[in-house]
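Here is what TrEMBL records for this protein:
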type	residues	note
TRANSMEM	A:12-34	transmembrane segment
TRANSMEM	A:72-97	transmembrane segment
DOMAIN	A:73-264	domain 'ABC transmembrane type-1'
TRANSMEM	A:109-129	transmembrane segment
TRANSMEM	A:141-162	transmembrane segment
TRANSMEM	A:183-205	transmembrane segment
TRANSMEM	A:243-264	transmembrane segment
Amino acid sequence: MSATSPRAGLSGPVLALLLVGAAVMLTPMVWTLLLSVKSNAALLGDSGAALSPPYTLDNYRAILADRLTSRWLLNSLIVSLGTTAGVLVLSSLAGFAFARLEFPFRRSLFLFVLLGLAIPEQAVILPRHQLFATLGLHNSYPGLILPGLTGSFGVFFMTQYFRAIPRDLDEAALLDGASRLRLFWSVLLPLTIPAQATLGVFTFLASWNDYWWPLISATTSDYYTLTVGLASAQMNYAQTSGLGFLMAQAVFASVPILIVYIVFQKQIVRAMAGTAVR
Amino acid sequence: MRWCGLLLLLLAGCAAPDQRPEIVVQRFFGECGVIHGGSTDVAAADTECGILTTLFNRFEAENPDIRLKVNVVAWPGYPQLAAQIAAGDPPDLVTMHQSVISDYQDRGLLEPMDGVLVEAGVDAATFTPAARAGVVKYGRVYAMPWDTIGRLFHINTRLMAQAGLMRDGKPVLPRSPDELLAQARQFKAATGKPYLVQAHVNAPDFHVALLYTYLLAQGDTIFPDARHVRLDTPAARQVVALFRQLHAEGLTTRNQDFPAATARFVQGGGGIFPVGTWMIGPYDAEAARPGSALYRSYAIAPFPRLWGQDAAFVDGHAWVMPRAARSRSERAAIARFLGFLARYNADWSRTGQLPAFQPVLETDSFRALPHRGDIVAIASTGTQLPEHVRRQSAIQGLIGEELEAAVTGIKPIDRALADAERRVNRLYAELP
């Protein structure tokens, strides 16, 4: 370990505190995993049975054998990827426009976008539901994807990132005869890749975990996303006699999220540390 | 080859559209296609999900001229139903708790089903009294009842015997609040365990069911009209005080939610678990399993009479028909489906819920099911909420919160009951 390594600066008590914190965070996850590989009957009387064998993959087999689960998984992927792609495209374009272009009402429009950050989804869900009903968009992929594209956070985030890029680059490119589109596409957009990655990961995670809108927009099981589908699959009151199955569902729904975290952990850590917009 | 493919594609495109009437049935009870996906053997099916799935499979097999589309929704499915109604695209039949029907009926969102039930060959006169009270609103039938859900004492007879609370093979249950406390103390002294297993956390319905039951027993009117609840009464104070004392003396389990309380009872962690009919099946299975704490040691009984008269607050599941434009053939298909379901109501009663039809209740096969003889009276004596009670889910949450606080000693009983009454009345005041 080098002298400049972050770990070198940690004193024993701090390290111990961090380890305790990590254990506290990990324990529910390990507990969930253990419960998921126990039979439901064994857990009915004693959830502590999860700490000892025998273990079984029956709960996972039950999930995978259900033809609807793969459909819900596919729906979640389509919706999350569609939303992520849409948000990246729209936010990048809007961010570039707000940061770099002069047009009437630019400041007012940006302020209007920012107002969106202060309005909770619950406040607009009824009119949005009515609008989508009028347009016949419920129980469709556009119906599930479009609301996710209207978030203000992405526009604000990308605007700030574009603003942080020196304007000298624009001037140089324009002097070389580049059009605005060329400036955006070939010069500035490649510089925003770290921000795109961060925004993409956050959007994907939020879309994957979304429950409320898919619950009321996708009312036929063919269009359920995984979160709604797995909730609908619970078989009894408070899932009392199916605890293992419930936990297996939780683990199953988390796997794609886990993969995203593993692949994009650098971007996530940077975003969390507030360094993405530098 | 390419031409053949094109021809096939054209032929596929020319296929006659499906002319069969479609009925969309929306239900909760979960998804269990993996286990029961292809089965049509209703008699062999078990669990609520399994029996319904098999029933639907059988209907499809027997009625190929009807297209049955099934939506399984997350429990209880009301947010989705509200959204579907708002979007103008409700399903044709929906599972609904009988206590919730008034909420939708009051806003004109449900179709009266008198006509379709006649067409289905279902005679509303055959509904049990409890089921009838659950689905008839202002003289019209707004649903086909499917069962009656009651709350019971689920009893560990081995522990009761250890406490000297068994006589002639039957549990000795209290007949007054004082007797309840005495038996609970006797039980704890003999077994070292709490007399009652209860869910006190995130389980508003448990407290509410107990309170409603014992207010009904004392002849209290809980909902005098459509805009008021009456809870700040001497009768209510007596009921809550009893359960608070049980809690304070450690005669009941503490700090448990429903799954934890369920597990505690299975482990033999207490004498009596006051929970619903739906747990009869799982506990019976435990009672048949050697090595289980409930092995050959399980009995059930209606809530004992502690005040006034015998009473049981009940609810139930039902099939409602949201208001929508439907063709004659679609209505006929719905009627046929309802008639089919009604014929299999006896199979549903294997879940532990009481059947909704009196003739089923009187069959030998029903009486032969374990413990059913002990609780069959609930189908007659069980009391539903009055038809003018709206927003049952919301008010149950409000009252349950206050009761939890009172029973666990967080809030004085008087204040909790006054707060419950005030909060519910305020909610009612805001309704149109």
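Backbone N, Cα and C define each Cβ position, glycine as well.
Nobody curates TrEMBL annotations by hand; they come from automatic prediction.
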**Message:** Assess whether the transmembrane segment (A:141-162) lies in contact with the transmembrane segment (A:12-34), where contact requires at least three Cβ pairs under 8 Å among residues 6 or more apart in sequence.
**Reply:** no
**Item:** Top Cβ-contact partner of the transmembrane segment (A:72-97) among A:12-34, A:109-129, A:183-205, A:243-264 (pairs under 8 Å)
**Value:** A:183-205
**Spatial neighbours of the transmembrane segment (A:109-129) far in sequence, C-beta under 8 Å, 6+ residues away** = 94, 98, 138, 147, 150-153, 155-156, 159, 212-213, 216-217
**Prompt:** Taking a Cβ cut-off under 8 Å, which residues six or more beyond the ends of the transmembrane segment (A:243-264) line up next to it in the same chain?
**Reply:** 32-33, 35-40, 42-44, 47, 58-60, 62-63, 69, 73, 76-77, 197, 200-201, 204-205, 208-209, 226-227, 230, 233-235
